[in-house]
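Taken straight from TrEMBL:
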type     : residues : note
DOMAIN   : 30-244   : domain 'Cation efflux protein transmembrane'
DOMAIN   : 251-323  : domain 'Cation efflux protein cytoplasmic'
TRANSMEM : 27-48    : transmembrane segment
TRANSMEM : 60-77    : transmembrane segment
TRANSMEM : 97-117   : transmembrane segment
TRANSMEM : 129-149  : transmembrane segment
TRANSMEM : 186-209  : transmembrane segment
């Protein structure tokens, strides 16, 4: 693959990539749907005196806030790198996903408390008809938002195969099901709301036909809020792994090390570091100790090519140095232990 001295990828074009442009359209459409139906749920929940409906509306409010934050992070990520932010603003996408998850956890905690209070005191009345109508509309709204967010983005290429790698909890080589981290977090967020909306719908049917079972309202709030918390746990785990500079789950330390050692002329490697800026933007750096007869430029080019083609790293920084026998006993040149 031809490239200009150290740069394998073409000069990035200004603005959003096709992947992120698709993500922006998905988030914008879902946010508009969310605002309309959130307003309807607030009115419906007030008329029905239903805490479960208001809980669903509050979750939609959290969705709106997280999607707006994600849209802002997508815009921010297009800003070029500076002397202070040398990697650019890619990680703003990950921070947007973290804010989405944290906001849901905070709102859900408050609503769990309110549901517990309602279970202790029975001095409330539920309008079954209004609750059933509102819950039915809420299910339709969440299905529509899930459909919008789950549409696959357009094919694209960045000169490396980083975008082909799966999310951190999936194996390598499988296509990423969602455009980027923000869309993924929003989709999981909506799935949690959909589960709760289905629970609220079931509770509204029960209350409509059996008003004496009005306790189903806070019980459904309690049960499905817990489900919403559990559904965001994988996204939170992946986001924290990125923020803690952990190696990508789809790229193992040993395969990368063995690939570098297989390059002709390389005797040893050390200071090998693997991390991610986002779930799909992987970075690697390493020191390569080579034979005295090896061509440093050829080794550097072959090693970088292997990392790009086999593992999809978006950025690689390799330092080539002459092999010295004392490197085998150097404590700083030893590999890190297993976690």
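Using N, Cα and C of the backbone, Cβ positions are placed for all residues, glycine too.
Listed by sequence, the residues of this chain that lie at least six past the ends of the transmembrane segment (186-209) yet keep a Cβ under 8 A from its Cβ atoms are 27, 30, 50, 52-53, 55-56, 59-60, 62-63, 66-67, 70, 100-101, 104, 126, 128-129, 131-132, 134-136, 138-139, 141-143, 145-146, 149-150, 178, 216-217, 219-221, 223-225, 227-229, 231-232, 234-235. Helix, strand and coil counts from DSSP across the domain 'Cation efflux protein cytoplasmic' (251-323) read 25 helix, 28 strand, 20 coil.
Within the model, the domain 'Cation efflux protein cytoplasmic' (251-323) carries an average pLDDT of 92.
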